[in-house]
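Asker: First the structure, then my questions, so here it is.
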Amino acid sequence: GEYVTVLQLASSRHDKKFVAELLKHGADPNIRGGKHETALLTAVHTKYFKIVKLLLEHGAETSIDLATRILQEASGGGAHEVVKLLLNRGADPNAARGGEKGTALQYATTYDNYYVEITRMLLDHGADPNIQGGDYGTPLAAVAAEGQLEILQDLLQSGANPNVKAGDFGSALHAAVHYPKPRDDVTQVLKLLLDNGADVNIQRPSDSQTALYSASCLGLPKVIQLLIEKGADIHIQGGEYGTSLLAACHWGGLAVFKILLQHGADITINGGEYGTMLQAASAAGELEIVKILLQMGANPNDTGGKYMTALQAACFKGYMEIVKILLKNGADTNITGGMAGTAVQAASYGYNPTYTGSLQMVKLLLEHGADVNIQGGEYGSALAAASHAGKLQIVNLLLEKGADINIQGGKYCTALQAACASRQRELVELLLEKGADPNIRGGQFETAYQAALYEQDHYLMNILERKGAETDLITTLNEV
């Protein structure tokens, strides 16, 4: 059966009185067998530490590995008496049996297990606060992340080094910034770490982020102010966006952006995912930041990054007011490159919140000299992009403004194939009526007919056949 002794069964059911009675009458806690091997292992498995203590006091045997496991579990479960008993018996507080949390000290300082007395007991018995392991990397990073000031002080007084690498967080300072729960004490945590030797400019090994950069991404004005006062270098480069100011342009918000500017942040430093600060702010819809950058001399035609230009970023994300101000300040509508290829293409299939807004944006770009036939990007042309996205009115507008209906390029080669690939029936009919050639070859599906075949859209296949589409297969579906 699951349990070979009554003592094991009683231990599994958390029946402390019965366990005590059995031990009083000579029950042997070391008989082996059953699901968990011994009564002690059964009690440890169920984390009922009052029974664990009873069994230990009545001679339950513990190997080094088992003692380590019990010490870990008891430390993480708040079982003061069990921890005390094991430490007095010589259990090693620095042993790590494995698992996610590491040593007993890491168990005592992880998640909601912030046991001040147990932490102090472990430290008094020689627990090393700088051993790396567990979810947070170090005990110091764990308590810094959760704002446990009392334990943080104990660890620092016991020699915890705030600059020791702390897992994925990088350092205790990074952990404190990254996990600021809704509380006012995050600055207290940071002050305590910095006053005890934390390097304010320490960079996370994985991506070179500093604490200031992280705070800029998270939009934490008080934290940023403190870090700058403590000597944080605003211009250190690293992270996805490049600098703290670049990060603030996209994520931090106006307040953070202004603080960094007031302390001398350089708006001319470019790099990171969005290439320029103007592009980062435009992609995030930060109109006020865009205005400030333009007033400070930012060039709307600087290129680089995900969208190539700030205008393409604003068009793709559907921020009409930003598009207007960029155009007013001389943004070139025909610069090519980046994810969307061109500004018109970005507006034609991007994330504009309304269909009408998308149409109005394309009209505005055309009024400012956008070339309807300029090529680039995933779809090759604005017409193909709008066709794939099912933007009927935009397709009509582009055709009215001289878009070449048979222009070739991009993923689907033609607008007709792009429309077939996304089963845009009304658009396919319109394009064919306007003279689209169904037999142009190229692109992912080779022909418009094969795109319809791949989608198993017999309605489109019939329309294309009636318009003279060749039905011989140049590629196979397996090659698509």
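Each residue, glycine too, has its Cβ placed from N, Cα and C.
Annotations in TrEMBL come from automatic prediction, not curation.
According to TrEMBL, the record shows the following:
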- 35-67: repeat 'ANK' (REPEAT)
- 100-134: repeat 'ANK' (REPEAT)
- 135-167: repeat 'ANK' (REPEAT)
- 168-205: repeat 'ANK' (REPEAT)
- 207-239: repeat 'ANK' (REPEAT)
- 273-305: repeat 'ANK' (REPEAT)
- 306-338: repeat 'ANK' (REPEAT)
- 378-410: repeat 'ANK' (REPEAT)
- 411-443: repeat 'ANK' (REPEAT)
Asker: What residues elsewhere in the chain lie close to the repeat 'ANK' (35-67), defined as a C-beta under 8 angstroms and at least 6 residues from its ends?
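Answerer: Here the qualifying positions are 2-3, 5, 7-8, 10-12, 14, 16, 19-20, 23, 29, 73-74, 77, 79, 81-82, 85-86, 89, 91-92, 95, 97.
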Asker: Cβ under 8 Å, sequence separation of at least 6 from the ends of the repeat 'ANK' (207-239): give me the contacting residues as numbers and ranges.
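Answerer: Those are 170-171, 173-174, 176-178, 180, 186-187, 190-191, 194, 200-201, 245, 247-248, 251-253, 255-256, 259-260, 263-266, 269, 271-272, in sequence order.
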Asker: What are the helix, strand and coil residue counts for the repeat 'ANK' (35-67) according to DSSP?
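Answerer: The repeat 'ANK' (35-67) comes out at 21 helix, 0 strand, 12 coil.
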